[in-house]
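Some notes on the structure that comes next.
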Amino acid sequence: MKKELLYPFILILIILIFFWQFILKGLLPIPSDTIVGLYHPYRDYYATEYPNGIPYRNFLITDPVRQQYPWRFIAIDQMKQGQWPSWNPYSFSGTPLAANLQSAPFYPLNVLFFMFPFHISWTLLIMLQPLLAGLFLYLYLREMKLSNYAALFGSIVFAFSGFSIAWLEWNTLGHVGLWLPLILLSIEKIVRVIRGFRVKNTKQIYLWSGILTFSLISSFFGGHLQTFFYVLLTSLAYGTVRIIHEVNVIQTKVRKAAVFLASSAILAGIVTSVQWVPMVEFISKSTRLADQSDWLSEGWFIPFQHLIQFIVPDFFGNPATLNYWGTWNYGEMVGYIGIIPLLFSLIALMWRRDKKTLFFTILLIISLLFATDNFVARIPYQLQIPLLSTSQPTRLLFLVDFSIAVLAALGFDLFLRKKVSIKKLLVTVGVIGGIGVLLWVYVLLGSGENLLVAKRNLILPSGLFLMGVLGSLGYLGKNQLLKHAALFGLIVFTVIDLLRFGWKFTPFTPREYLFPQTSTIQFITSQPGKFRIMATDNKILPPNFSSMYGIESVSGYDPLYSRDYAELASAWSRNTPNNEVIDFNRIITPDNYESKIADVLNVQYVLSLSEIDSEKLHLVFEEGQTKVYENTEVLPRVYLVESVQTVKNVEDMLDKLFDESIDLQKTALVESNTIPIDNRPLSELEHVDITDYLPSRVTLQSKTEASRMIVLSDVYDENWRVFIDGTESTSYRVNYILRGVIVPEGSHTVEFSYSVFN
């Protein structure tokens, strides 16, 4: 038993070594250097110390601090306050939160956020990705009767594979994928226990059914739909194959196994409905299907030449060293799993003959088939198959790397059992070695700066491959001391290779770089009342940054956003009542401050890097290059109007919204046949005030001398319900995108409450 625990301990030790900068120096595996190195007002804040800007490690990794970190921060903050994390008031002038799967509010491991400071918990979650992925795969491989060494080998490969490292700091994709080996282990356990391969124990069946259910739930809540889809398909295929494989057993046992597997999946579907129901609903109201990258563009699929990166990860350079010259995005293309593991995966492919190897070989082939550009891979996009047609196939590298990691373990196991002759080994070596020779000929005979990069980056993989070959030959010899040294060397060189690869790409940054307070931010947060901001330059507080300070913005960055808001933003950008949606490609950053739309959306402050000459904007603050202007024509967050104009449709409403003759502080535009209010001037005694403002609940107190329309300058959504003195009333879509409600004469308490499950 003690020996069995040694191998997981070795894996844990390797993980700790990878994160040594956090453990010993307190540096965080978060790309916060891009926050202070790329964007204002942070560059202004550090301008004295770094006049040319703070250098940053990897410009490619900005999304984790622009999306995942702020979204999770908002969700956890709301949950700590006892609120359901359903609405994000800080982006797109308000948008659903739980419907955004990447916010991952219900992920079980989020319990860490209730135990430690947020940045520490986030770091621990990042560390848990390779740790749990490796441990779960180790357990699965041991269940498949592989040796301890082979299981450890495969777990290391999976933990530090190219996909795992490229997406490590997103803290979502890895958490979805790490549950796959535990799901497969659970399926294997359930089938084997029922079949009688293990001691017949009902408790064991229920235990592993529970683990399977929990794993499926955790994978979904991990925060990335596409990766979960791959996990689900693989799990379904594996479960089906295992059931079919048992058809020669008593059919009642087969049916029993199928029932337990299906029950676990159904229960997981029921539990996760708290998020997939709002997600599906929001997708139906979003621009997700229209606002997509062109699948015919270069880089949508993995170009065949980029398969070289399985042998030489940085053949095309690396963004961390600013010399990447490959297609589009390094992170989408790199599937490196180590040159020595690649050798052993090829051994499994060529020389191992069993059903385990066959399954993962087929999984590898299918994944590569749909990840690369060919007529089969194009079918889902040509037929516009839901989900598949809106997903970039390069993410299939997750399944590619997982398959190769398992195959590497299978090949290593075959090798350690001395079922691979020297002849077979040399044939396998010849395949990779031959490709390596061709690459060397190519870079030596070619010319150009790019090939100099490729030549430099060929040296280390070539050396490691040579060490792997020598180690393999040494193990197959008769000298016992040499055998042990060779085995040790194969694992150590694999670890060194993968750690070096991971360290090169992964930034570790000081805590003080993580969303620091600047004078500009302090000025904005100190202003009274509810308001929004906008920026005239993408280099100032990019979308979602403001949410870290509780500042609301009209901008947003998310694959999912309201179609209505996209239409309004498109018209706003054109400054005409044309709501044909612009291809924002997930990022909406309105900058037309002169438009009435900015006033209607409660934009009180405009941030700019240049001087603005506008009658409505007054300069109120400066910090370095960053200037803050106050909008003197901004409409309040909540107000009463004197009159209501009914419109025939949203197009008519948009026309009137741009009509300069209509004063939108006095008049509300509503798509309705009749509105039961009296159109007459407001008296000084009539007012409406915000008494409580929470993300998913807004409480107002009104006093009127007649029936009036209240306009709340927050985004309208059908799931926002309104109550007057506790009685539900009608919520109107006002001024194209805002919320409105009619209150009767007198003093009343009005409450807007958001819930998808009405």
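Glycine is treated like the rest: Cβ placed from N, Cα and C.
These features come from TrEMBL:
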type     : residues : note
TRANSMEM : 5-23     : transmembrane segment
TRANSMEM : 148-170  : transmembrane segment
TRANSMEM : 176-193  : transmembrane segment
TRANSMEM : 205-222  : transmembrane segment
TRANSMEM : 228-245  : transmembrane segment
TRANSMEM : 257-277  : transmembrane segment
TRANSMEM : 333-351  : transmembrane segment
TRANSMEM : 358-376  : transmembrane segment
TRANSMEM : 396-416  : transmembrane segment
TRANSMEM : 425-446  : transmembrane segment
TRANSMEM : 458-477  : transmembrane segment
TRANSMEM : 484-503  : transmembrane segment
Look at every Cβ pair spanning the transmembrane segment (333-351) and the transmembrane segment (148-170), keep those 6 or more apart in sequence, and say whether at least 3 of them are under 8 Å. yes
For the transmembrane segment (205-222), name the stretch out of 5-23, 176-193, 228-245, 358-376, 396-416 with the most CB-CB pairs under 8 Å. 176-193
The recorded stretch from 5-23, 176-193, 257-277, 425-446 sharing the largest number of CB pairs under 8 A with the transmembrane segment (484-503) is 5-23
Criterion met for the transmembrane segment (257-277) and the transmembrane segment (176-193) (at least three Cβ pairs under 8 Å): yes
Looking only at the recorded stretches 148-170, 176-193, 358-376, 396-416, which one has the largest tally of CB-CB distances under 8 Å to the transmembrane segment (228-245)? 176-193
